[in-house]
Every structure is written in structure tokens, then in C-alpha cells.
Amino acid sequence: MSKILPKGDPKLFGKKGGRPPMQRFKPGTIKRLFSYMVEYKIQLIFVVVCILISAATGAASSLFLRALIDNYIVPLLGQAHPVFTELFKAILLMGMIYVVGVLATLFYNRTMVVIGQGTLKKIRDRMFTHMQSLPIRYFDTHTHGDVMSRYTNDTDTLRQAIAQSLPQMFSSLVSVVAAFFAMLYLSVGLTALVVLFAFVLLKVVRFLVGRSGAFFVKQQRALGDVNGYIEETINGQKVVKVFCHEGKAEEEFDKKNDELCYCATKANTYGNVTMPIVGNMGYMLYVFLAIIGGAAGITGVPNLSLTGVHALTIGTIVSFLTLSRSFINPIGQISMQFNMVVMALAGASRIFELMDEKSEQDSGYVTLVNAKMENGEIRECSERTETWAWKHPHGDGTLTYTPLRGDIRFFDVDFAYEGNKTVLHNITLYAEPGQKVAFVGATGAGKTTITNLINRFYDIADGEIRYDGININKIKKADLRRSLGMVLQDVNLFTGTVMDNIRYGKLDATDEECIEAAKLANADGFIRMLPQGYNTVLKGDGSGS
């Protein structure tokens, strides 16, 4: 195992293993993401209103400090018998302002949770629905763990961004604007100093965010790679042990894990130091303003504000110092949330990559229908008859019905999984109805490939495959596959009862039909020996309870 922080793959991070080339999320990701939130238009308007109220109460409470100090507290200092009634009323009013701000913050945060979860549900639903339409080739070229990472890690970061980061960024931005105008209202000169300081701060923040943002994008992809490798290794653990491949597997995992560690460490190093740096620079500004403001107040330097020229009072200085914090701190918060948003948008890009994958195409028009013989002719019927026929529509509007017999013929078939890497070349073979045919050959010779081609999991490059005399390209894929019985090399059991798993190929099958199918497969005996027989609940690994 690696004991030190790796420098990263030069191909991935550049020759020096330092800052990676900036990879941004795909254009249109933000617009597309917001299109899923349109359904919550009223809730979003409510959130915006609450954020505006929260920012307004924050600025108002800071401005109220000036009146509280100058109009209530300072006059009481010179009185022998001060009366605190008016002061208590002012404090009560200020408390009410704070309560309104807290309630507004509470409401918009709760509403954003609803919006975030609802949006993610829609995205997951559409992603899963689209995944069902993808061709087998997609799953052959993408690890299962990487696909799972899009459902888990990417959607989780997206949820955090929608429910937390985006509203906090907007709230911080509104707070900055509100604090800016409130500071102008108190002192134009001191506001100019704060703005100059803010420009310096933004330069620092931009540097840190720029460094971390690229690594956050890389982190999401590296995380998908690690998940994919782990899932692949767990599924093939028996093979790993049989071939004593543990050392090589660990070495390969270390390489992928090192890249994830490198990306995550760099991303969080720059990301986590942003807020402390902003906070400390804010304290420096606070001290600087206190000194400048105090000196100006003591020496009687005129203070220009939006209401005219006045002397700097204690209340004005205290209120301005509070507003300066309300102006600087949100800048740091925006930078912190920006990293989360970048990571979420990187995840959203990966999600939309899956959703943009081209669905499996099916131009077939020949369908499989229930049929019966009438006067020596095949007729389509609505009731179930155990007799099937291919319904073949023609261009002139006529229909031809061909009995389903199971005659499969290959004519000069060529096929390649990738480019020019031909797997099958000029293959001609046939399997007549009732005939038993066995394919024997070394691993990779193309035995499973032939079965995949019959099911049209892949389309051939050249030649022709005919099923009962019909080119299989003309047969709808669903009907073609429904007519075939396929026993896979790798057995997949789904969570549910034994009966549910038997019924998987024919969802409307009765219990009696399922039991009869089990008897035909010589499985009825050992199924009845299970704890609950056909009602035994199976898990994905085949264990029952």
C-alpha cells in the first residue's frame, strides 16, 4: 500500500503532477438541471422571497445597532436616574427583527430540502428508465461500479448542492448586496476601503477556488473508477483467488485509490483553507476599520454618507463594523459552496452522460402473436392458445402469418465487438426445429457471441440471420427475445420469492404454470425442500430465508 501522498498520473495531472488542466462540466448542465426544478416554481419563488427577507433583516439589524447605541444607550450614560423603558422597547423590536430573519432562514432551508429531494427523485427515475433502454454494448463498456456511482455518489453531491449550496450561495450574494448598500448609507469613505479590500480578497479566493475546482471534478471521476474496480473485484473474487491474483489486484487498486486520494487531498486542501483565510483577512479588516473609524471619530473628521455629511459616532462605527463582517464573510461562504457546486455539476454531467446515451434502436415491424388454425389458414386471435405465429405486415397493406417453428440460419455472417477486431467471419450455420446443436470451442471462440446475435443484443456487420425464414432485423426485438428461451452462463437472482423469480420471464403466469415450469427444469424437488418452498425469499446473491 502507498504510504505517502502520490503525485498523480502524469497523463491525468500534467507532467509535474501538479495542477490539472481545468476540466469544467459540460455546457448546458446548469440549464438542464434547472429544467428539472421547474415543477417547483412556486416553492422556488417562496425561497427567493425568504432569502430576501433574511438578508434584509440582517442588514436592518446591523443598522438598528447605530440607533440603539446613539439614541438609547449613549444618552442614558449621562443620566443620574436612567429610565430603561425605551431601551427595552428598542431591544424588543431588534429581537423581533432577528426572529423574522431566523424564521425566513428556517422556511427556505426546509423548502429547499423538499425541492432537492423531489428533483433528485425525478432525475433518478428518468435515469433508471433510460438505462433500461440502453443496449447491452453500453454495459459491456462501462463498469457496473461506475454506473452505480452515478446513482449514489453523483446524485448525493447533487442533492447537497441543490438543498444547501445553491440557496446558501444565493443567500450570501444577497447578503453582500444588502450589506454594501447599508454600509454606503453609513459611510461612503469606509465603504470604499472595504470594497478595495474585497477586491484583494477576491483575487485570493479566485486562486484557491480555481485550484480546488479542477480537482473536485477529477475526484468524482476517480471515485467512479474506484467503485467500478471494487464492484468488479468482489464479483470475481473466486476467480481472483483461483488464479492467485490477489497481489496484482491490490496493486491495481492501490493505483486507482492513489489517484482518488491525490485528487481528494488536493481538492480539500485548497477548499478547506479558503474559509479560514477569508475569516482571518476579515478580522484584519475589522481591526483596520476599527482603528481608522475610531481615529476619524475622535479627531472629528467629517463622514460622508447617503444622508449627508455627519460626524462618525460610536453607534455608526459599531454598526459599520458589524456590516463589514456581513459583507466579507459571505464571500468566503460563496467560495466554499462554489467547490461543492462544481463537484455537484461534475456529478450532474456524469448523470446526464448516461441519460444522453443513445437508446437501443429497433426498426423491426414483425411481431409475435397468438394464433389458431381455421380452415387450414393461420388466424390471429386475442385469447391465449399455445400456438404462435409471426405477423408480417407488407407495404401493400396485406398481412402474412408464419408459424413459429424455431428454424435459425446464419448466412455469411461477420461480426466485431469493436472496430476491425473481427470475432466471427463468414459464418454459415443452421439449427432446424427440434434439432439439438452444440457449440464447442475455446474461450473467446464466439460461442456466446452467436447466442447474443440471435437475440440481437448486437447487430451483425455483414451477412444475414433468418428466423423461420424472416430476417431477424425485421422482427421487433421484444417479440424476438420473447420467442427464445435463454439460459445464461452467469445466473442472476433478483430479490423476491422463488415464485417471483420463475415468473420473471412471464409476469402474467399463474402459480400452477410456474410450478409446472420448475418441474420441467427438474427444480421442483429441491425448491420444496427450501424453508418456505416456492415462497422462500431470495436475495441478490441467491441466499434464501
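The chain as shown is numbered from 1 upward.
For all residues, glycine too, the Cβ spot is worked out from N, Cα and C.
Since this is a predicted model, take the numbers as computed values, not measurements.
Among the ranges 203-223, 308-328, 329-349, the stretch that TrEMBL annotates as transmembrane segment is 308-328. It is 1-22, from the ranges 1-22, 133-154, that TrEMBL records as region 'Disordered'. Residues 87-108 are the range that TrEMBL records as transmembrane segment, among 87-108, 483-504. Counting Cβ pairs under 8 Å to the transmembrane segment (308-328), the top-ranked stretch among 44-67, 87-108, 283-302 is 283-302.
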